There are 4 protein chains.
Amino acid sequence: MTLPASLQNQDCFSIEDDKLHEECGVVGVWTTQDAASLTALGLHALQHRGQEASGIVTFDGHQFCTHRGLGLVGEVFADPQIIAKLPGGSAIGHNRYATTGETQIRNVQPLYGDFEFGGFAVAHNGNLTNAQLLKQSLVRRGCLFQSSTDSEVFIHLIAISLYTNVIDRFIDALKQVQGAYSLVALSKDMLIAARDPLGVRPLILGKLPQGKEKKSWVVASETCALSSMGAEFVRDIEPGEVIIINDDGIQSIKPFSNVANRFCIFEYVYFARPDSVIENKSVYMARKKIGAELAKECNVDADVVVPVPDSGVPAAIGYAAASKIPFELGIIRSHYIGRTFIEPTDQIRHLGVKLKHSTNRSVLEGKRVILIDDSIVRGTTSKKIVEMVRAAGATEVHLRIASPPTQYSCFYGIDTPAQEKLLAHTHNIDEMCKLIGTDSLGFISCDGLYRALGEEKRNNFDPQYCDACFTGDYPIPLTDHDKQLIKTK
Amino acid sequence: MTLPASLQNQDCFSIEDDKLHEECGVVGVWTTQDAASLTALGLHALQHRGQEASGIVTFDGHQFCTHRGLGLVGEVFADPQIIAKLPGGSAIGHNRYATTGETQIRNVQPLYGDFEFGGFAVAHNGNLTNAQLLKQSLVRRGCLFQSSTDSEVFIHLIAISLYTNVIDRFIDALKQVQGAYSLVALSKDMLIAARDPLGVRPLILGKLPQGKEKKSWVVASETCALSSMGAEFVRDIEPGEVIIINDDGIQSIKPFSNVANRFCIFEYVYFARPDSVIENKSVYMARKKIGAELAKECNVDADVVVPVPDSGVPAAIGYAAASKIPFELGIIRSHYIGRTFIEPTDQIRHLGVKLKHSTNRSVLEGKRVILIDDSIVRGTTSKKIVEMVRAAGATEVHLRIASPPTQYSCFYGIDTPAQEKLLAHTHNIDEMCKLIGTDSLGFISCDGLYRALGEEKRNNFDPQYCDACFTGDYPIPLTDHDKQLIKTK
Amino acid sequence: MTLPASLQNQDCFSIEDDKLHEECGVVGVWTTQDAASLTALGLHALQHRGQEASGIVTFDGHQFCTHRGLGLVGEVFADPQIIAKLPGGSAIGHNRYATTGETQIRNVQPLYGDFEFGGFAVAHNGNLTNAQLLKQSLVRRGCLFQSSTDSEVFIHLIAISLYTNVIDRFIDALKQVQGAYSLVALSKDMLIAARDPLGVRPLILGKLPQGKEKKSWVVASETCALSSMGAEFVRDIEPGEVIIINDDGIQSIKPFSNVANRFCIFEYVYFARPDSVIENKSVYMARKKIGAELAKECNVDADVVVPVPDSGVPAAIGYAAASKIPFELGIIRSHYIGRTFIEPTDQIRHLGVKLKHSTNRSVLEGKRVILIDDSIVRGTTSKKIVEMVRAAGATEVHLRIASPPTQYSCFYGIDTPAQEKLLAHTHNIDEMCKLIGTDSLGFISCDGLYRALGEEKRNNFDPQYCDACFTGDYPIPLTDHDKQLIKTK
Amino acid sequence: MTLPASLQNQDCFSIEDDKLHEECGVVGVWTTQDAASLTALGLHALQHRGQEASGIVTFDGHQFCTHRGLGLVGEVFADPQIIAKLPGGSAIGHNRYATTGETQIRNVQPLYGDFEFGGFAVAHNGNLTNAQLLKQSLVRRGCLFQSSTDSEVFIHLIAISLYTNVIDRFIDALKQVQGAYSLVALSKDMLIAARDPLGVRPLILGKLPQGKEKKSWVVASETCALSSMGAEFVRDIEPGEVIIINDDGIQSIKPFSNVANRFCIFEYVYFARPDSVIENKSVYMARKKIGAELAKECNVDADVVVPVPDSGVPAAIGYAAASKIPFELGIIRSHYIGRTFIEPTDQIRHLGVKLKHSTNRSVLEGKRVILIDDSIVRGTTSKKIVEMVRAAGATEVHLRIASPPTQYSCFYGIDTPAQEKLLAHTHNIDEMCKLIGTDSLGFISCDGLYRALGEEKRNNFDPQYCDACFTGDYPIPLTDHDKQLIKTK
């Protein structure tokens with residue numbers, strides 16, 4: 001058994017590259033003033049959903065104003081003059097994680113177009129599975145694509161719709177796309193929010209306490225954005241629901257006949273922020289329960305439970321409490337500037353210098369360690385972490401993973417490597433254990449994960465969540481993708 | 001009892017301003033190549049000791065090269081071309097936290113001068129207590145001060161010393177200054193490291209594994225810098241010790257007759273990084289023991305132990321283990337870009353928007369909460385945190401502090417507010433409890449703190465640590481300061 | 001007679017705002033390598049045609065690469081890494097002067113789209129006069145406009161054309177637009193250059209000396225770009241001509257039946273660079289002849305002829321030679337950074353500080369001065385210049401203008417103020433003279449201007465040039481503009 | 001005769017490198033407010049005297065504020081917030097051209113130090129000839145040098161002076177230095193301006209018109225700065241004069257017994273701005289007279305007189321008027337961003353692309369051309385210009401130089417190449433003519449130059465100017481330089 005390429009050639013600095021990445025976060029604000037500031041604050045709270053680019057479009061009663069840039073929210077909107085040039089009481093915003101590597105400014109959302117009915121801006125979290133097919137038809141028809149994002153088909157579908165009314169056009173467009181989407185959109189008259197019929201990506205509605213003259217509303221990917229914005233939670237937007245917000249209040253439309261709830265289970269495992277609440281479940285509590293379930297399913301005798309920070313912490317707390325093994329911070333993560341800033345010369349590679357993580361020897365030395373991580377993607381991270389922990393004196397290292405093996409790519413808005421790069425697709429657990437170098441390796445079972453989320457078990461005939469990355473059970477057609485390419489093990 | 005000014009006019013964004021700040025971190029490298037890269041990696045690991053500016057001086061066998069800038073290490077040295085312009089096998093570096101607010105480039109260390117014997121660079125962590133007095137004499141003598149730092153007196157004292165030898169001049173200078181210092185210095189022939197006779201600030205020696213031709217050494221403020229640099233720990237540099245490193249190896253000189261060990265106890269409480277080991281004690285373990293001691297001294301019946309992140313986490317783990325009350329992450333801290341980027345309009349103030357911390361309602365709602373923080377300075381942070389926790393539904397909030405009340409300013413290298421701004425100087429514990437709005441407030445006792453560090457109790461005749469900020473017992477004369485101004489309660 | 005608003009409230013710094021601005025310069029390169037560098041060099045030489053933004057699109061055999069930015073060519077392409085990311089042997093480029101004030105990145109050309117037939121980029125100098133009308137229809141059809149430039153209708157017309165072939169689509173688009181245009185366009189197979197049927201804006205063809213494998217060609221707005229690029233002049237592209245350049249050589253198509261030559265006469269007066277040659281006439285020589293003609297038409301007894309730098313210099317040389325009055329540099333212009341960098345406080349306004357121009361007192365003091373300028377737009381510049389010259393001691397100031405009075409706005413690619421802001425529209429020459437404060441004021445006659453360009457006189461039935469700004473005789477329909485708004489005096 | 005190295009390896013872009021460079025410009029302002037803005041405006045007008053760095057120090061009644069940066073004045077002070085952070089009514093400023101190539105921020109003036117008597121800032125135009133000697137002594141004494149500029153000895157000499165009074169210390173320092181200097185200095189109580197005993201560099205006094213409360217004064221290197229600042233000319237500061245400006249008015253001190261007037265004659269030839277007046281002589285008029293004298297001394301039959309822009313223009317106007325040969329702009333210079341921004345690949349070198357100058361073929365083709373330039377340094381520029389002019393079709397090219405052959409280096413504040421790099425040092429005129437490729441080459445004679453400046457001829461026993469670069473007659477001892485190295489031909 002040779003070492004897979006993914007475990008060779010390891011960059012000596014970062015152990016963070018080997019995570020799945022949420023592709024986007026969205027925010028919408030309908031109030032009387034300062035909409036851009038509020039949107040920026042919301043986007044900042046959703047920074048974990050996309051760190052490569054950010055943008056805001058506002059409407060000030062007369063015109064649409066826009067600013068987009070590459071970088072974190074706090075970088076793109078660092079200059080107060082930028083916010084000052086985004087006046088108005090309504091706004092939408094977007095954080096982006098680029099899947100294709102080409103993070104160009106022309107791909108940064110919100111997308112905007114001058115339509116017959118006026119300006120219209122759209123921000124999209126998710127991924128369309130028939131975008132290529134639609135794009136081909138649209139280009140043949142004479143539509144000019146400015147970006148290389150799948151999201152741009154939305155605005156062209158709206159532009160060419162035969163309906164006259166904005167809402168009708170918007171719904172007309174929704175009915176032609178397949179895939180996962182949580183959308184916010186802004187016209188001069190209204191803020192629109194919509195979720196795909198399976199509700200794969202989260203989207204919630206909140207309320208701003210002020211507003212004598214008119215009610216003030218916000219929509220956002222997660223509840224964690226609400227406190228940033230000083231808003232209160234109202235409710236989740238439902239799968240297949242379209243919400244229209246204007247000065248008359250909120251209108252809810254449900255244009256789809258076939259609606260189910262197949263929320264992305266990985267949002268609970270890793271993507272969402274722990275202080276968010278999704279469909280009445282606290283993400284933090286869900287992770288603790290996953291940890292507890294994991295302890296039940298595959299515990300091992302050990303001295304300490306150590307999370308891989310930061311994402312493994314809640315599961316580790318749950319695991320420690322369930323297993324009665326002490327929880328300790330055995331790995332410390334630096335929170336200063338993330339990007340590699342030193343060119344790795346041979347000497348520096350040889351020295352094995354580390355920028356982001358370091359081990360806390362006092363906790364690890366001479367100990368049998370249970371490491372808790374949320375998932376294994378390529379396995380490169382896990383291998384390095386295990387090496388570091390052993391180098392700090394651990395006598396045994398047992399790796400426990402708070403999700404089932406990730407064997408399938410996601411096509412619904414998460415950046416996963418090609419399937420053949422997924423360690424769990426190409427190797428069984430014993431092989432993985434050997435490659436990673438742990439004394440033992442355990443994953444929570446699929447049913448265990450469902451139990452942690454309050455279900456009795458996975459309903460295999462009508463699953464309660466989208467868990468395609470674990471099961472290959474894709475609930476939305478993958479029209480643009482050759483299904484032959486997705487292999488079962 | 002009126003509200004002190006420090007608790008009014010609260011900035012709505014950050015609850016981090018109300019911490020004591022370590023003033024500096026230092027690194028020195030003596031090897032064959034890449035000294036600047038290694039120094040930058042070490043400074044990055046010491047980022048918590050100074051975040052406002054950073055600088056490196058290298059010597060490449062022919063000339064000294066220097067780069068200094070305002071910002072984090074990863075910002076100042078972001079461009080690989082900058083490191084490329086710092087060639088050589090020896091280097092010193094410095095992270096700075098400015099006490100005076102005027103973070104000007106001319107104050108960024110290392111300081112450098114062209115001396116009769118060649119170039120010489122110095123980086124200083126600590127604070128001199130007779131710098132003003134010395135500066136007056138030096139200026140009168142015709143010395144030109146370029147910076148407004150106390151550290152500059154070192155290089156002038158070296159410049160005017162009547163000794164000819166670099167070491168003799170350096171020690172001559174050391175003998176004239178009072179205060180706390182951990183120094184690294186670089187001449188064309190040697191790397192020097194020195195610690196004041198009471199060893200107030202930390203300084204450690206490490207070794208690089210490579211080096212067939214010559215031995216490679218590093219010095220750094222804390223051991224946490226070693227793994228960043230791929231180096232191994234050798235030993236603490238002792239109080240009053242001067243280490244000279246050159247190609248012949250290491251020479252140790254102890255020029256002071258009166259040497260004691262009065263290491264800063266607050267380094268254990270808050271300043272040092274948890275994965276550092278100081279004088280054979282793990283900082284993380286020390287904090288856990290402080291938490292355990294705190295639980296012993298002033299426990300209260302409650303449902304959850306919640307740390308104020310990140311500094312309160314180890315003490316909270318210790319407290320939870322000792323009290324058998326579950327440890328929970330009730331407050332989440334954003335690790336994205338720290339600086340405030342939104343201008344707070346009235347509306348935004350009114351909404352109480354938050355950028356850096358948010359509460360995890362699922363853990364707090366309906367619960368009796370024990371909050372663990374490391375210290376109370378002005379009290380503003382504590383007040384906001386308590387409000388946030390109550391707003392998230394906590395039924396009781398009990399605040400426990402992992403250090404005794406901070407009643408005295410530090411003059412040895414820590415940025416403390418003027419004494420009258422210290423809440424514990426102007427108020428007793430009951431008053432503080434009321435002002436902060438907690439149901440109860442408890443501090444670890446001074447003896448309890450010493451116990452957590454392995455002592456039986458504080459030796460009041462010859463204390464084992466410098467604890468002036470708690471006790472007013474200043475072990476080094478405060479020559480520049482009017483002692484009348486320091487009041488006992 | 002009250003002072004018109006344009007002569008009040010004068011900015012104290014610049015006397016350059018009161019010029020007409022050419023809107024754009026274009027460059028195209030078809031060679032084997034380094035196309036981006038050559039394009040940038042050409043754009044740099046055409047900097048006078050647009051100073052607000054610049055962009056280049058290249059094709060490297062596989063994909064199109066693009067970079068656009070706000071600022072001068074030397075700023076937008078300052079970083080060699082930017083050019084390095086624009087590989088390939090073919091390229092087009094564009095300099096922009098924004099007419100509307102909103103110089104946003106989305107308006108910076110070249111425009112680019114992914115078409116059914118592949119990528120296609122277009123850069124446009126000129127202005128379309130039916131762009132609004134076309135845009136309305138296109139938007140109604142579902143086309144999404146990304147920019148607010150008139151030029152974008154080109155690419156939508158190409159996108160929706162029913163022809164399949166690129167050239168056919170391109171010509172199909174040309175036939176639908178009205179206005180002035182010199183275009184360069186790039187597909188994966190060819191470089192296209194086209195000039196409107198009246199040839200209002202210049203466009204020339206050049207050849208690169210290298211090219212064993214294939215012939216290398218360049219197109220550019222003016223010949224001055226050729227020497228920058230190391231290219232040789234081949235010929236003017238003709239009015240109504242479309243040139244297709246590919247590896248097989250050059251093909252010329254003339255798709256329009258009605259073609260005339262109505263080249264913009266103001267290019268000779270002011271816009272073009274003096275070292276350019278347009279339609280076999282040297283711009284420098286043309287300006288000298290205009291100066292000589294002006295001396296013939298309205299000379300006055302004086303001591304010195306002084307140009308308003310830099311644009312008035314050639315006419316002043318011609319005037320001085322014809323009138324035998326000495327030519328002197330009485331006004332010096334600073335060529336360092338042009339933008340105002342000092343906020344004008346009251347004191348600074350009061351002091352009348354100057355950034356860009358200063359008088360050379362030694363030449364002016366006690367002298368009767370003939371000032372030569374190219375044109376009068378709002379008159380604000382002229383007034384300040386005359387004041388400065390008097391303040392330097394001139395006893396008489398006679399202003400002579402190297403063009404007829406500018407009474408009409410341009411709609412063909414030149415940024416002119418609204419007609420009512422044109423001093424010559426609202427005032428007769430006597431009134432202008434008084435307002436500007438000269439002892440006498442003279443303009444060259446329209447026939448005089450034509451004589452200077454080698455014509456006997458203006459052919460009023462079929463004018464040899466477009467001189468609408470002087471005569472109101474607009475040779476291309478102003479479809480988008482309410483012709484009622486253009487008033488004859 | 002082989003080609004000297006200086007004429008090989010020619011950079012393909014710029015023909016400007018081969019000029020002598022003035023090393024600095026200085027400004028001082030004593031008024032009630034906005035001193036920094038006025039100083040920046042003055043420095044902007046003196047930009048030609050130093051383009052690599054700029055700095056301003058102000059005093060606001062309480063403290064000194066400073067900003068220094070690399071780049072043009074308009075770049076260093078581009079941000080209005082920078083000027084806003086330089087409050088106060090008194091200021092000094094400095095433009096720098098670095099001689100040594102190491103333009104580091106620590107070398108940017110004004111220099112500043114905290115002295116026993118308070119803060120003190122100094123800005124220096126010129127060069128000291130015993131700075132190395134003084135620096136050695138000062139370093140031996142314990143003075144720490146922060147910069148590598150000769151100017152820093154001033155502030156150390158002031159710092160160690162035994163006098164108590166600022167003025168006495170300042171004069172004490174002046175008496176110890178040798179060399180050329182025009183100085184401005186600022187203490188909390190006064191603005192000081194001083195010129196060396198031979199008055200080698202210019203320095204003038206002006207008055208601001210406002211100032212009811214107190215008189216407002218400015219000092220500057222040249223009068224051209226006055227109109228920029230809205231100030232009026234008062235008088236030249238005299239050789240060896242020290243001017244003290246405070247709220248009581250102006251005091252003049254003449255501390256030197258041996259004073260002469262040996263003003264740098266090259267300031268008239270090239271350095272000063274043409275609209276400046278120095279010692280009652282207009283620089284522009286002086287250059288015209290030099291041109292006329294040159295025409296008298298070495299005219300040749302030709303068709304056009306063409307200046308090498310911009311510096312050759314006034315001499316060419318004078319030459320043309322005297323010779324009755326028409327003046328024409330045969331070479332056009334681009335005034336957009338000066339720095340090379342394209343990496344020269346082989347192809348681009350081969351194409352001979354040009355960024356800064358281009359020829360105006362209409363003026364040169366088929367013509368016998370007299371080219372007028374101000375001086376020949378290495379000869380590289382001249383060679384390229386002549387090639388360009390021939391390539392544009394000139395049948396003959398005659399080069400006439402408005403100064404005698406430059407055979408000696410300057411040590412008084414002008415950046416000249418080492419003597420062996422000066423073409424006129426290593427070659428006679430015939431050889432130079434051949435190397436440069438002209439049909440004939442003529443220089444003005446030394447006596448001719450003096451005549452143009454109003455003298456009968458050079459007084460060889462007591463020359464009226466410093467003309468060491470032409471004659472090797474150095475009026476100030478070159479203490480730091482081995483005089484053996486300066487060779488007569």
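Each Cβ is built from the backbone N, Cα and C atoms, and glycine gets one as well.
All annotation found in TrEMBL is predicted automatically rather than curated by experts.
Record check, TrEMBL: [4Fe-4S] cluster site residues include C:Cys410, C:Cys466, C:Cys469, and the candidate from C:Cys224, C:Cys264, C:Cys298 also listed there is C:Cys264. Annotated Mg(2+) binding in TrEMBL involves C:Asp373, C:Asp374 plus, out of the candidates C:Ser311, C:Ser323, C:Ser334, C:Ser440, the residue C:Ser311.
Separating the Cα atoms of C:Asp374 (Mg(2+) binding site) and C:Cys410 ([4Fe-4S] cluster binding site) is a whole-number distance of 17 Å. Confidence over the domain 'Glutamine amidotransferase type-2' (C:24-248), given as mean pLDDT on the 0 to 100 scale, stands at 90. Comparing C-alpha positions, C:Cys24 (active site, nucleophile) sits nearest to C:Cys264 among the binding-site residues C:Cys264, C:Ser311, C:Asp373, C:Cys466, C:Cys469. For C:Cys466 ([4Fe-4S] cluster binding site), applying a Cβ distance below 8 Å and a minimum sequence separation of six or more within one chain yields C:Leu198, C:Val200, C:Arg262, C:Phe263, C:Cys264, C:Ile265, C:Tyr412, C:Pro475.
A sphere of 10 angstroms centred on the C-beta of C:Cys410 ([4Fe-4S] cluster binding site) encloses 20 other C-beta atoms.
Annotation for C:Asp373 (Mg(2+) binding site): same-chain Cβ neighbours under 8 Å, separated by at least 6 residues, are C:Pro307, C:Val308, C:Ser311, C:Gly312, C:Thr381, C:Ser382, C:Ile385, C:Leu399, C:Arg400, C:Ile401, C:Ala402. Report note: the [4Fe-4S] cluster site is defined by C:Cys264, C:Cys410, C:Cys466, C:Cys469, and the residues of the same chain whose CB lies within 8 Å of the CB centroid of those residues, excluding them, are C:Val200, C:Ile265, C:Phe266, C:Tyr412, C:Ile414, C:Asp467, C:Ala468.
Classification of C:Cys24 (active site, nucleophile) by DSSP places it within a strand. Using a 10 Å Cβ-Cβ cutoff, C:Cys264 ([4Fe-4S] cluster binding site) registers 27 neighbours.
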